[in-house]
Amino acid sequence: MEFSVKSGSPEKQRSACIVVGVYEPRRLSGIAEQLDKISEGYISNLLRRGDLEGKPGQMLLLHHVPNVLSERVLLVGCGKERELDERQYKQIITKTINTLNETGSMEAVCFLTELHVKGRDTYWKVREAVESTQNSLYSFDALKTRKGETRRPLRKLVFNVPTRRELTVGERAIEHGMAVSAGMHLCRDVANMPPNICNPAYLASQARQIAENTENLTVTTVGEEQMEKLGMNSYLAVGRGSDNESVMTIMEYKGAVDNTQKPIVLIGKGLTFDSGGISLKPGEGMDEMKYDMGGAAGVIGAMKALCDMQLPINVIGVLAGCENMPSSNAYRPGDILTTMSGQTVEVLNTDAEGRLVLCDVLTYVERFDPELVVDTATLTGACVIALGKHASGLFSGHNPLAHELLNAGEQSGDRAWRMPLWDEYQEHLESPFADMTNLGGRPAGSITAACFLSRFAKKYNWAHLDVAGTAWNSGANKGSTGRPVPLLTQFLINRAGVDQGE
């Protein structure tokens, strides 16, 4: 898909289709009024006849509108003018793209980016239009022998901005939107891959592919032999039951002009399949445990977006690849593990494995002397119960970092909700035999999991994102969502100090 931005009047556009908005009840947007004027009331007459009410998502395709150079005009219902918010705007863009494809338009000039969206500027509207367009066109059929015959002729989309001085902002928005979309696309592709293909080594191979096309990205891996020398016994224990070797992939991006700038570290839980181990999960829905590497998929997607934008910061992405399987060699409930930090953990349940992998990675990244560390993981079902599918759980003892991430989530529409990390919850992890247990019981499960991780993140500013509810969808629309790529990428854009708006 080719995107561009321009500033012009609708009557001068020579395109396959012009897209303009209509408000409820039957009220023309400013651009639609211009078209109505040059067409001598053609559009307003249709509305008076009741052809379109203007309700959100309603579509009316017009052919050969009088005095309009473009072959078609697509009227898009936008709801009530004062109520148009970001959620409705995204839905309208998605419906518009689907309609353009279904009706055979190869190119279009879209004036929806001129609509007033509460609290949003031109940069946001153009970037969100790009991201919504790309997401609506995504499909995963790489492993199907019979590909779907979806009609997708749309090849070029031009977004109109109100003034010429906003062209630079619009171009930047397209650049950023394309990068975020590419990151989400990669995240979804990797996460949707079946576990017989996507194993820890596969994660490493995907990282190397990005490095092949990015001069300032280097990729190294840490295998089981090296982990053993490092004392990463907790990480190793989780993968012990699998024939697939555990692999930790390090993606080091150097974009800062100042070589001494401390790196931001992003850690992704990469359980490419989680059977639960000896504490075996129920069979129903176990196929979705291929998505237990959603955190790593999010990190590799964010790193892809970062490389495409070439942001002037230093970032290290760590993919904690592992597979949790039952076997005679698997770790057991009752085992006591000595972590890389030296702290000991009593295993109460082998299905609380993500934290056992992440705790050693949190210790490992101390060597990078990081500016800050954000780990992202499909860590707990308890977070799904607490927040559902709309918000990721955010945990941090560092208020400025927490606020940065929450703000990035609001900016990108990939929202998070801050959860408590109070000392009282630490008591749930007490063990009579070790420094702590790996399970705090049913109450406050997502919080006690974060409390566990916090014990290994004392030497830097740290935040934890639990994306168990947001990384993938179940049911008829089963598949990766591409989250938290938008949140992580927006956080990096903000950190880089890149100009984003007016």
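The backbone N, Cα and C atoms fix where each Cβ goes, and this holds for glycine too.
In Swiss-Prot this protein carries:
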type	residues	note
BINDING	K269, D274, D292, E353	Mn(2+) 2 binding site
BINDING	D274, D351, E353	Mn(2+) 1 binding site
ACT_SITE	K281	active site
ACT_SITE	R355	active site
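Annotated features taken from Swiss-Prot, shown on the structure.
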| residue | record | DSSP class |
| --- | --- | --- |
| K269 | Mn(2+) 2 binding site | strand |
| D274 | Mn(2+) 2 binding site | strand |
| K281 | active site | coil |
| D292 | Mn(2+) 2 binding site | helix |
| D351 | Mn(2+) 1 binding site | coil |
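Set side by side, the recorded positions K269, K281 differ in how many other CB atoms lie within 10 angstroms of their CB, and the most is found at K269.
Residue pair D351 (Mn(2+) 1 binding site) / D292 (Mn(2+) 2 binding site) shows a Cα separation of 12 Å. Comparing Cα positions, K281 (active site) lies closest to D274 out of the binding-site residues K269, D274, D292, E353. Taking Cβ-Cβ distances under 8 Å and a sequence separation of 6 or more, the neighbours of D274 (Mn(2+) 2 binding site) in its chain are K281, M289, D292, E323, N324, D351, E353, G354. For the pair R355 (active site) and K269 (Mn(2+) 2 binding site), the C-alpha distance works out to 9 angstrom. Neighbour counts of Cβ atoms within 10 Å were compared across the binding-site residues D351, E353; the minimum falls on D351. Same-chain residues with CB within 8 A of the center of the D274, D351, E353 CB atoms, the Mn(2+) 1 site residues themselves not counted, are V238, L271, S275, G276, G277, S279, K281, M289, D292, N324, T350, A352, G354.
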